[in-house]
Amino acid sequence: MEALIYIGLIMISVGAVSDLIAAIGMNRFRNFYLRLHAATIGTIWGAFIPIVGSAILAIGYEPLGELRWFVAGSAFVTAFLILILAPAGSHALARATHRARLVKVEPCIDDQLDPNLCVKK
């Protein structure tokens with residue numbers, strides 16, 4: 001059981017570092033699409049991994065008694081929902097922004113949806 005606690009703590013730490021890296025990416029990246037990528041990385045690695053880590057931590061934490069299975073189960077369900085919904089939400093944001101022509105695509109190599117939006121240097 002002690003190994004589960006250490007694994008959970010490591011996963012939570014990995015999530016904290018990933019959130020920090022995603023925050024740096026949000027500040028450093030120049031356009032909307034690159035920032036959206038950094039936000040999605042922060043959501044998956046910074047939310048999914050720590051929630052799974054907290055579920056593993058709850059399984060290994062015996063003072064919770066039988067309640068630990070409820071905590072772990074709800075954490076696993078939440079992590080699964082984040083894993084499914086975060087990329088779908090990011091895709092919907094990117095597609096809506098592209099179709100509304102709100103943001104020019106920079107840097108752009110080839111845009112087959114709308115060649116007029118591609119800013120080539």
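Using N, Cα and C of the backbone, Cβ positions are placed for all residues, glycine too.
Because TrEMBL annotations are produced automatically, they should be read as predictions rather than curated entries.
Keep in mind that this is a model prediction, so the values were computed, not measured.
Residues 34-35, 37-39, 41-43, 45-50, 52-58, 60 of the same chain lie 6+ residues outside the transmembrane segment (6-26) yet bring a C-beta within less than 8 angstroms of a C-beta in it. Sequence annotations record features per position, and here TrEMBL assigns transmembrane segment to 6-26 (among others).
According to TrEMBL, the feature transmembrane segment maps to 38-61 (among others).
Through the fold, the transmembrane segment (67-94) approaches residues 33, 36-37, 39-40, 43-44, 47-48, 51-52, 54-56, 58-59, 61 of its own chain, all at least 6 residues removed from its boundaries and within a Cβ separation under 8 Å. According to TrEMBL, the feature transmembrane segment maps to 67-94 (among others).
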